[in-house]
Amino acid sequence: MWRRLRSALRSLRGSPAAPPHGGGGRPPAAMERAVVRCVPSEPKLSLRFVLPDGSARHMQRDQAEPLGRALARIATNAAKGHGKAGKKSKKARAEGDAEGEAAVPAVRLFSRDGAAVAEELPNAAAWQDGAVLHIGDVRYRVERNPPAVTELSLPRSLLAGFPVCPKVSAEFAAPQHCQFRWFREQRPAEGEAWVETAEAERVFTPSNALVGLRLKLRCTPGDGEQRYGPAREVESSGPVEAGPGACTFDARHLYTKKVCGRDSVRAVSYNILADTYAQTEFSRTVLYPYCAPYALEIDYRQNLLKKELAGYSADLICLQEVDKSVFVDSLAPALDAFGLEGLFRIKEKQHEGLATFYRRDKFSLLSQHDIAFSEALSEPLHKELSDQLAKYPLVQEKVLQRSSVLQASVLQSTTDPSRKLCVANTHLYWHPKGGNIRLIQIAVAMSHIKHVACDLYPSIPVIFCGDFNSTPSSGAYHFISSGGIAEDHEDWVSNGEEERCSMSLSHPFKLLSACGEPAYTNYVGGFHGCLDYIFIDRNALEVEQVIPLPSHEEITTHQALPSVSHPSDHIALICDLKWK
């Protein structure tokens, strides 16, 4: 039976029988695939192939195991597959099953140059790319760690005029080396189920002509070395919908069409409004009753946010109130497609945190030094401040209960290694009467930044972004910009005499608010004020240009923020900085 199967298989494929020895020469076109996945950090390798009877085999073998054992197991599997392909008659079994012995095929592995691979060799070394596996007369080309798409998905909401950024995860491949083909759903008069669009890029922006039609993406993984794996497809769950028209950031994009030069850095700081806060009954009825409910939905807001951020062509982006799922499933894949690498730090006990993105062709990451303020106070670096705080137990308790964190990343210029930056990002305590708490938090932050930018990397410039929940008249703003705060500042009694906390604090930096003091960076129904800043080291950096904020008319078109044309209750700060 085995011989008859092989003969039929050869006839079907039109290829001659393989000689019983040697694996050299160019493999025939009809050669099957044997896919090997072998990663050094894992104890086992996997082997996938399809037997001549059509049955798929997926084997897991120890990497250190001798090749001979793996080949013996393959032979056993092949014999089992053959046995299932044609059941023997009673007469055959009665005659002692003489053909059964011959049904176990010879299994050998040959290297790319045709030499037999020694069966004593460990699996990890034996199964090399381009080797040829023989199972009887059937040949299989070994593909070791071929490019593969492990995840491919499209956003749930698609808007005309807004970029569609797929989430692509690949193994032994990189999204920038993958091939992308986009298709649109057919119209009633068209014969094809899907019609290919002219776009062949990773990011696709549907036009108004595609409203009402679904999209399909085909991704072929590549590794940049002319190796490609099997394509994978995904269809959108819904059709393209009409966009909102003009958005608050459209005019700002006119200033940021191009990435700035090598001697400049475009920085963005933006509280993007966490979904965990936007999707509550309190938000819909009290905080943002003027905002259409659909415009508070995360899928809708993500469309706006991705277009807004991509259009700024930034080198550094510091975001606050970033949901973990939004970072992983939406922002990181989208901004990766535009050349930005992302770092995320979640707040303890929260579902949101901070994200810092940097442009890969301008910066490389040297190190990360993130902290949670409450935990940092127990470290030796902050002992002096902690000892002072211990004198005020009510304030100390509140500080330790807060989940606020600080991202601190050290970046190095890819074109000038002598240029390094400490990029800090934070979101301070929000309560209007929490000025004293914010002073303690910012004191911890400045002490930690000093440790990074003065001790670990002496004299590197600092860019400190964030939602500081502090107006220009606050103690926190005064402390950051002047370098000190007196123990009798009014913010030490921001929550009354009972929680007075008097300290004299200082830091060594000369920091400047790069975007000045706008009338507001947060505009909601019951409040508007300047809470967000990009502080820069005035000794090393200077402001080249500040991208104008949207006009008051644009902000109030739909009463306040967020709105159908603006995804957050805050406004992004953007500036171009130049090395001195």
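For all residues, glycine too, the Cβ spot is worked out from N, Cα and C.
Range with TrEMBL annotation region 'Disordered', chosen from 1-30, 181-210, 361-390, 391-420, is 1-30.
TrEMBL tags one of the stretches 78-98, 225-245 as region 'Disordered', and that stretch is 78-98.
Secondary structure of the domain '2',5'-phosphodiesterase 12-like N-terminal' (146-241) per DSSP, as helix, strand and coil residue counts: 6 helix, 40 strand, 50 coil.
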